[in-house]
Amino acid sequence: MYSMEQVVNLAKHRGFVFPGSEIYGGLANTWDYGPLGIELKNNVKKAWWKKFIQESPYNVGLDAAILMNPKTWIASGHVGNFNDPMIDCKKCKARHRADKLIEDALDAKGIEMVVDGLTFDQMADLMKEHEVKCPDCSSEEFTEIRQFNLMFKTFQGVTESSTNEIFLRPETAQGIFVNFKNVQRSMRKKLPFGIGQIGKSFRNEITPGNFTFRTREFEQMELEFFCKPGEDLEWFAFWRETCKNWLLSLGMTEESMRLRDHGEEELSHYSNATTDIEFKFPFGWGELWGVASRTDFDLKRHMEHSNEDFNYIDPQTNERYVPYCIEPSLGADRVTLAFLCDAYEEEQLENDSRTVLRFHPALAPYKAAILPLSKKLSEGATEVFAELAKDFMVDFDETGSIGKRYRRQDEIGTPFCITYDFDSVEDKAVTVRDRDTMEQVRMPISELKGFLEKKIQF
């Protein structure tokens, strides 16, 4: 089994992810996506948009503003209730999220337990019972558990006063809810229908960590799917299965994921069903996707605070009701990291070894690499590159032996290496090498585009 350290080292060495502000000593838990990382992440986002917006007869897209009227967050409950349980170590002054500290301590003992949803007293009792220690200094002396609001606060305009106070959004969902009527009317949508968007969110996490898994600045891919009350659990099951199948269609293995239903004590007060799709990272199981039936909570809250009517009139029955909502919420950074971890392999060959990223071709940063066998063949190889680059991200590499170039492309997940050799000048054909099998076939240059188009389908 590979370690998280191996994945992080490859990510930096090969230009997937760099530490943020590195030349100034960095900024804790900030990361910059490098040339290959942004291609991978963009491909993940494109694949999500294709499945959940483009190919869906129900759903449309939106791009709501990051900065919203502060009343939005009062209505949604974020100002009063968007908190994590915080605790400080009395000895080393390290600050921790109490529920995660307890879960990690229990996990080390082989005890699986969800602490989220317990009272502070119950958490404190668990800490004493299991002698939970500070991971930084091993002390068992902690302050009392207290609430910590996760929203980033800033000011709009030239003066810093409470009247100009605004927040960086902690989720993209509220931008969808406040635009429910705008979208429904302008697009003439009838229930059921959904609104999806991809965008940045910000949470002042107490203990971010595990590379890009938990960061204070992150990107979400969220769908809010509105339906008639009473049909919500049917749609909940539909979207839960659709989400799982999307991951499988892009090469994630069944063994590396699990669906975990929330028990009654863990459910949010507004939810009647929630399932987390979790991935087995090298550091343990972590949530990728939360699929929740949110009932009519959000639309009703915004109705109360804005005096806007979000009732829907059914054109067939003339019934009037506030729609229920199913929310599949996916972290773009988390699922990108999951695909990177799932693809990573160190393979032992007969007389050699190689590191390979077995990405689905749809996700791979480069779909192919053009490799002239000799620099004397660069002109012809460049023509092949130029033609394919109109439709695909392709690499061009003429440095080093062909074997070393193959290994470099394996390590960044390029599914196909296209070698332009001396015969190519005459027969207008190239050798195509498959990353996973390492098998090679001869193919006319004229067929390359169709070949790659077929391979990147999912």
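In case you wondered, yes, glycine gets a Cβ from its N, Cα and C as well.
Residues or ranges marked as substrate binding site by Swiss-Prot on the basis of sequence analysis: Arg97, Glu171, Phe218, Glu219, Gln220, Met221, Glu222, Glu327, Pro328, Ser329, Leu330, Gly331. When other Cβ atoms within 10 Å of the Cβ of Gln220 (substrate binding site) are tallied across all protein chains shown, the result is 20.
Glu205 (ATP binding site) falls outside any helix or strand according to DSSP and counts as coil. Among the features that Swiss-Prot reports, ATP binding site is placed at 203-205, 213-218, 287-288, 331-334.
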Arg214 (ATP binding site) to Pro328 (substrate binding site) - Cα separation in whole Å: 18
Candidates Glu205, Leu288, Ala332, Arg334 (binding-site residues) - the one closest to Gln220 (substrate binding site) by CA: Ala332
Spatially closest candidate among Glu222, Pro328, Leu330, the listed binding-site residues, to Arg216 (ATP binding site) (Cα to Cα): Leu330
Fewest other Cβ within 10 angstroms of its own Cβ, chosen from the binding-site residues Arg214, Arg216, Arg334: Arg216
Glu205 (ATP binding site) versus binding-site residues Arg97, Phe218, Pro328 - nearest by Cα: Arg97
Binding-site residues (Glu205, Glu222), the one with most neighbouring Cβ atoms at 10 Å: Glu222
Count of other CB atoms lying within 10 Å of the CB belonging to Phe218 (substrate binding site): 19
Cβ neighbours within the same chain of Pro328 (substrate binding site) - under 8 Å, at least six residues apart: Phe52, Glu222, Leu223, Phe225, Trp239, Arg240, Thr242, Cys243, Trp289, Gly290, Val291
